[in-house]
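Reading through the structure tokens given below for one structure.
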Amino acid sequence: MIKQRTLKNEIRATGVGLHTGQKVYLTLRPAPIDAGIVFRRVDLSPAVDIPAHAENVGDTTLSTTLVNGDVRVSTVEHLMSAMAGLGIDNAIVEVSADEVPIMDGSAGPFVFLIQSAGIQEQNAPKKFIRIKKKVVVKDGEKEAAFYPFNGFKVSFGIDFDHPVFKGRKLDATIDFSSTSFVKEISRARTFGFMHEIEYLRSKGLVKGGSLDNAVVVDKYRIMNEDGLRYDDEFVKHKVLDAIGDLYLLGTSLIGEYRAYKSGHGLNNQVLRELMKREDAWELVTFDEEETAPISYIKPLLAV
């Protein structure tokens, strides 16, 4: 059967919070079968747990924020994307502040941490949500939708009226049966416009943002000396974000996600709509790995 997965060992890292600019200590720990991904604020006494579920999303301004009462953990999407890409079902994520460290602005450092900790299969079937019917949410010209598909595929389109985006590939369709999340998606960094960053800083936000953890665009060009990691890094980062946001279903997906100009807010809205539409999905497990439409990197490779 396709089994649930957790980490083999705990692992620690330190980074800065994107919004506070303060140092954040991060610890990833193994968790038991069916625990899911749980964020834990260890700077509070007693510590407060927030399960990584769509209904616990309390804010989607600039990042995806999970809440439990008045306790928050923001910028969870890049770490969630790494968990999804490596098929981790169960883990405790301890943070010493109200946001996950931004690292280099991609999921790459989190992939490295998880692979360094090692991946442990658990003796229980991995659960998947299989899309049975189309579910669409629109907001003006923005759109996000689920479609039935025997595998996992993400199609994303972006549109910016800006010189840097002219002549660049602004859409991507990634079929994960033939594309490696680790190689093709995980290293795509978040991006922002200089004028927006200056405005946000004036409001006390993105204090930790820099050319070390984002692709920054001014009026005419990319400001990062080393340029882009992929020609289509902008849209690939949107795919990365979407994978992290979708993993707040609490299980892996069998289906296609199509989005146009969607962000964290619409990603979350369509998840909530899907959950309400109980005729549009079913929970499935696989006794035989060979019959499954999705496969994951073998744990032995990730030690």
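Any Cβ shown, glycine's included, is placed from N, Cα and C.
Residues or ranges marked as active site, proton donor by Swiss-Prot: HIS264. The annotation Zn(2+) binding site is assigned in Swiss-Prot to HIS78, HIS237, ASP241 on the grounds of sequence analysis.
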Between the residue listed as 'active site, proton donor' and HIS237 (Zn(2+) binding site): CA-CA distance (Å): 12
Chain-internal residues, separated by at least six, CB under 8 A from HIS78 (Zn(2+) binding site): VAL100, ILE102, MET103, GLY105, SER106, ALA107, PHE110, THR190, LEU240, ASP241, GLY244
Residues flanking the Zn(2+) site, with Cβ no more than 8 Å from the Cβ centroid of HIS78, HIS237, ASP241 and excluding those residues themselves: GLU77, SER81, GLY105, SER106, ALA107, ALA188, ARG189, THR190, LYS238, LEU240, GLY244
Tertiary neighbours of HIS264 (active site, proton donor) (same chain, Cβ under 8 Å, six or more apart): THR60, LEU62, SER63, THR64, GLU77, ASP241, ASP245
Other CB atoms within 10 A, centred on HIS237 (Zn(2+) binding site): 27
Other C-beta atoms that fall within 10 angstroms of the C-beta of ASP241 (Zn(2+) binding site): 25
